[in-house]
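Peer 1: Once you've had a glance at the structure underneath, I'll fire off some questions.
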Amino acid sequence: KIRKKMGKGKSDDAKVVKRKGNTKMQLKRNIGYFDGVSFIIGSIVGAGIFVSPTGVLKHSLLNVGVALVIWTASGLVSLMGSLCYAELGTALPFSGGEYSHIKRGLGSLPAFVFIWTSVFTKPASNAARALLFAEYATQPFYGVCPAPEVLKKCLALAVLWSLGILNGRSVKMAAWVQTVFTLLKMMALSVIAVSGIVLLAGGRKETLARFEDMFSSEMPNVSQIAEAFFQGLYAYGGWWSLNYMAEEMKNPSRNIPLTVMTAVPAVIVFYLLVNISYLTVLTPKEIVSSVAVAVTWADRVIPSVAWIIPLSVAVSIFGALNSSMFTLGRLSYAGSQAGHLPVLISMLNVHTCTPAPAMIFSTTIASIFIIPSDLLMLTNYFGFSTWLMIGLTCASLIVLRYREPNLHRPYKVFLPVPFLMVAMSFFLVLAPIVWSPNLQYVYAFLFMLGSFIVYIPFVYFKMHFAFLDRITCHLQLLLEVSPPDGSAEGKHE
């Protein structure tokens with residue numbers, strides 16, 4: 001359509017852009033099993049396990065046994081959710097993760113609400129990660145003094161654009177960076193975990209006493225357990241990331257379930273071992289009062305090389321940010337393919353077959369969030385939307401089971417699992433709003449409903465402006481990008 005409206009001469013120029021690459025214009029299957037494991041682990045393990053695993057212990061009323069049970073239960077819930085996503089990812093191996101599945105199962109409007117909300121919240125989350133990385137990367141040079149805000153924001157922008165350019169130019173390089181940084185953060189976690197096991201095996205009386213009668217402390221009530229559960233689930237956030245790259249997975253029917261069943265249980269084991277190590281060295285009160293638990297732990301156990309922990313936190317954040325930016329680019333790409341975002345975003349670079357415009361789009365939005373810090377505070381009230389979309393995705397699985405029983409499903413999850421995930425998701429959506437009602441939640445809901453104002457004219461009635469075609473064509477030539485081969489819309493219907 002763009003080329004017809006631009007006229008013959010412009011159309012020929014656009015064709016030249018496409019003919020530069022003699023290969024088929026589509027995303028390449030460059031991500032293997034180990035890359036997938038690195039992406040999932042890298043997405044889940046951020047700064048949280050190093051900096052502040054205090055929330056679970058605090059809301060468990062310093063009851064060690066309850067806290068460890070909460071960590072385990074949160075991991076099992078994440079595993080159940082990831083198995084639901086594995087079925088959808090193998091049956092519908094398209095970019096876009098939850099967006100593609102919600103669109104197929106529940107229709108265009110719920111999918112548009114998802115991408116409308118995600119385009120706001122996910123870049124804000126990336127901006128927050130970049131700022132946190134800058135905080136840990138600059139602080140060693142300033143000692144007890146705070147680092148200048150301008151410096152932190154400039155470094156955060158530099159990291160965002162470095163990763164945005166990397167992900168926009170080469171999937172293989174992005175996967176290599178993810179693997180390296182995942183290995184580094186897992187080495188740091190291994191140091192903490194193994195040290196804890198060695199100290200526990202030493203059998204100091206005061207240490208063993210914390211684990212011999214773990215449930216002897218005061219028991220939390222139902223609402224406190226729920227709050228602790230929220231904290232645990234937040235620490236496992238990111239298990240859904242693999243489905244965003246399903247279209248680029250080698251042998252997705254085999255690798256998606258295998259990757260999930262490797263990565264998520266591995267994180268559960270590491271989280272438990274690290275928490276046990278913290279409790280071996282520090283008392284529950286010391287953990288709760290610590291600003292950065294891993295740093296306090298290192299000062300006690302390895303004081304001569306304690307600097308390695310702040311460095312590990314920065315490395316961990318960098319790896320999680322790389323993974324998050326990769327998946328966000330695929331979400332924008334899938335939304336554009338379905339007509340929910342401008343057509344330019346669905347185009348691929350003719351030299352590398354990567355979604356470069358989608359990466360530029362998502363990185364630009366994240367950069368905007370870095371400048372005014374108050375916008376980041378507003379995004380905290382969109383936390384419920386994550387679990388709302390998880391609930392809708394699992395509901396899509398149930399709908400597709402009954403509506404499309406003959407759909408090829410290389411892997412099928414036990415059907416009660418998605419029902420349980422739907423029930424749990426909507427509980428997690430409503431609980432914070434009911435327990436701590438706040439006007440900001442109303443603003444968040446109004447923002448989500450605001451998607452209707454855009455959807456009705458531009459998606460449902462397909463309102464169109466001719467001048468946008470001219471802008472798109474010029475940007476297409478400038479960026480050397482071309483639409484992917486084949487009908488993208490057909491893939492997502």
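Here the Cβ of each residue, glycine as well, is placed from N, Cα and C on the backbone.
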Peer 1: According to TrEMBL, which listed range is transmembrane segment: 131-160, 341-370?
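Peer 2: My reading of TrEMBL: the transmembrane segment range is 341-370.
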Peer 1: Pairs of Cβ atoms less than 8 Å apart decide it: which stretch in 258-281, 301-321, 341-370, 382-402, 414-435 has the most with the transmembrane segment (31-52)?
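Peer 2: Ranking 258-281, 301-321, 341-370, 382-402, 414-435 by Cβ pairs under 8 Å to the transmembrane segment (31-52) puts 258-281 first.
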Peer 1: How about the transmembrane segment (301-321) and the transmembrane segment (64-85): at least 3 CB pairs under 8 Å, pairs 6 or more apart in sequence, or not?
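Peer 2: When sequence-distant Cβ pairs are counted, the transmembrane segment (64-85) does not touch the transmembrane segment (301-321), since fewer than 3 lie under 8 Å.
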